[in-house]
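Positions annotated as domain 'Peptidase S8/S53' by TrEMBL: 49-274. If you look up TrEMBL, you'll see Asp58, His89, Ser255 marked as active site, charge relay system.
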Amino acid sequence: MSFSEKEKHFHHLGLSNSSLNWSRHLLMQRSQVTSLFGADALWRKGYTGAKVKMAIFDTRIRADHPHFRNIKERTNWTNEDTLNDNLGHGTFVAGVIAGEDAECLGFAPDTEIYAFRVFTDAHVSYTSWFLDASNYAIAINMDVLNLSIGGPDYLDLPFVEKVWEITANNIIMVSAIGNDGPLYGTLNNPADQSDVIGVGGIDYSDHIASFSSRGMSTWEIPHGYGRVKPDVVAYGREIMGSKISTGCKQLSGTSVASPVVAGVVCLLVSIIPENRRKEI
């Protein structure tokens with residue numbers, strides 16, 4: 001599931017004065033998506049994602065990246081001999097969740113980042129890599145797992161069963177719903193699974209983004225009517241995040257909306273006393 005950069009245009013025709021003012025506010029603030037969700041209110045209370053273990057299944061992060069204060073571990077599950085992110089996808093996702101650069105703030109800068117490299121520089125991955133990485137994430141007791149990737153293979157049973165195992169171990173799994181909209185029945189796996197928070201994208205007019213995949217969950221239709229997805233939507237257009245080495249950039253897609261939700265989840269989890277998180 002790749003990022004898709006979109007054109008920058010907004011239409012305000014037919015809006016009330018209050019709607020116009022809100023739209024202008026969004027236009028001014030959209031580079032800091034954290035402001036739109038009121039993350040600063042929790043920051044002022046001292047909640048910044050501390051002691052929350054965040055697994056990012058993607059293309060990794062550079063160990064010395066200046067935007068991150070708490071990279072706990074980087075692991076490589078691919079057949080390439082590198083721990084770095086040479087595509088920028090994983091770095092961007094991590095930045096939305098936990099970046100601390102003033103230009104592209106993340107939601108939970110004190111979150112403990114565990115970067116799992118499950119994609120090669122050629123955008124290649126295999127189910128076996130995900131299975132191995134997932135086993136390790138379960139073993140080291142992750143709190144949240146973000147997967148800003150997906151695909152149409154709903155019947156990859158080993159993968160699906162591993163997703164069930166992840167969530168059964170009280171790991172909150174967040175995944176992008178896909179960029180195959182606007183057609184219905186275009187959900188991606190694993191965001192279409194019932195135990196996964198499937199995230200769609202909206203624009204700054206609070207309309208579903210045209211690229212965002214949507215239900216029903218067609219693979220279930222032979223046995224019923226399928227389920228409505230995504231579960232939640234978040235801003236997925238022109239979001240600011242971290243570049244590979246330094247600096248920020250702007251991207252769009254449900255791959256962007258997913259870490260927005262994952263970052264919010266990390267922030268909310270940090271409010272819960274550490275010894276009670278798995279109970280909840």
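The backbone N, Cα and C atoms fix where each Cβ goes, glycine too.
Put simply, Ser255 (active site, charge relay system) is 11 Å from Asp58 (active site, charge relay system) when counted between their Cα atoms. Ranking the active-site residues Asp58, His89, Ser255 by the number of CB atoms within 10 A of their own CB puts Ser255 at the top. For the domain 'Peptidase S8/S53' (49-274), the mean pLDDT of the prediction comes to 93.
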